[in-house]
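To start, the structure itself, in structure tokens.
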Ligand code: SAM
Ligand code: SF4
Ligand code: SF4
């Protein structure tokens, strides 16, 4: 499969734009955007989509590349040596990302998450973080800046990320079993180095560090208990993610999903758990605490208990398309607007119109789709849209 097959082909719908600037292709030199150095823009009054959901959380994919080939995300058979990743000039620049984030903050975004691909592979990421750390909400608060990483470069970078202004990190780790972990990342990356990264992030003050484990039945579900036991009583919160049908390359089947209810039951049998309330509206994880007071776990039930009703997240792909859902087939080309010379007000109008027209709730309708209909639906790879 070529990369083109995973990218949205069509041009964006630019809703409510007075005079849409001409989209530009990669071959045309970028026109410098108008200088906008303000750390905060006036509030637009907040946005609401067609289902009354505000925009609060912006996930930004800073690279579509990764040094891992996790079998459920970037399987080697698809993301092989000849896979066409984006060229450097196709990526949003740090200035472009920062402009989008500043406008998003005026629209009510309070939290940014840098992701990918593997975000720590993006050269100079600390510089981007430092720029984002300057941004303020309309009432003058700094934005929360989180980052999701496979942890491979974290031991080396934790201190510089913290110094740049990163708030906290989430680290992905699917098993403690050396052979299994290496076969799941498929590049023989050792568990110990990820654990070193988790510890380094904590020591650098990037906590509370969350650890994400994607659970796939028959592959790593026997690691649920060992992982829970390992992280119980530590400063780290383990979160179990139901294996999702993102993209089209992982060959997802419903039978491979381990429902969160089963995960909670399996752990609870050995180490009793009690439910906890959500800490923030739109939170993806349901929280459970150990009855003996030794910390908590989270479960992200994107398949069996969809949380679309409170979903307040938008995503910016590596090349600057705005997606209003992880499972959207098409994004809106903000990069074309930026490189066409749009000013902040025009960008705010475009983003506001896109969010205002949002009606996504894929995880709620997934169960009503036949496998054929699901397969026919074009979806974007997670490494491109950002997890
Ligand atoms: N490379 C970084 C990492 O692995 O943490 C950031 C990007 S990754 C796409 C973000 C998150 O998505 C990771 O926690 C990963 O485990 C999760 N993920 C990837 N594919 C998934 C799938 N098919 N179902 C559920 N979660 C998935
Ligand atoms: Fe890379 Fe993260 Fe996808 Fe694994 S889950 S292949 S580390 S982007
Ligand atoms: Fe949000 Fe789309 Fe996921 Fe539903 S399926 S929770 S709308 S990203």
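Backbone N, Cα and C atoms are what each Cβ position is placed from, and that goes for glycine too.
Just so you know, TrEMBL annotations never went through curation; they're auto-generated.
TrEMBL lists 1-50 with the feature region 'Disordered'.
Annotation source TrEMBL lists compositional bias 'Pro residues' at 18-32.
Among the features that TrEMBL reports, compositional bias 'Low complexity' is placed at 33-42.
Taken from TrEMBL, the feature domain 'Radical SAM core' covers 50-274.
Remark: residue 314 (GTP binding site) has 55, 57, 58, 59, 104, 109, 322, 323, 324, 355 as non-local neighbours, by Cβ distance under 8 Å and separation of at least 6 in sequence. Among the features that TrEMBL reports, GTP binding site is placed at 59, 113, 148, 210, 313, 314, 315.
According to DSSP, residue 73 ([4Fe-4S] cluster 1 binding site) sits in a coil region rather than a helix or strand. The C-beta environment of residue 73 ([4Fe-4S] cluster 1 binding site), restricted to residues of the same chain at least 6 apart in sequence and closer than 8 Å, consists of 66, 246, 247, 250, 381, 382, 383, 387. What TrEMBL records for 66, 70, 73 is [4Fe-4S] cluster 1 binding site.
Around the Cβ of residue 72 (S-adenosyl-L-methionine binding site), the same chain contributes 184, 214, 216, 243, 250, 252, each under 8 angstroms and 6 or more positions distant in sequence. Among the features that TrEMBL reports, S-adenosyl-L-methionine binding site is placed at 72, 117, 172, 244.
Long-range neighbours of residue 308 ([4Fe-4S] cluster 2 binding site) (same chain, six or more residues apart, CB within less than 8 Å of its CB): 360, 361, 362, 363, 364. Taken from TrEMBL, the feature [4Fe-4S] cluster 2 binding site covers 308, 311, 325.
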Under DSSP, is residue 313 (GTP binding site) part of a helix or a strand, or is it coil?
strand
Using CB under 6 Å from any atom of ligand 3, narrow the binding-site residues 70, 210, 325 to the ones that qualify.
325
So, three-state DSSP: helix, strand or coil for residue 66 ([4Fe-4S] cluster 1 binding site)?
coil
With respect to ligand 1, which members of the binding-site residues 72, 172, 210 satisfy a Cβ distance under 6 angstroms to one of its atoms?
72, 172
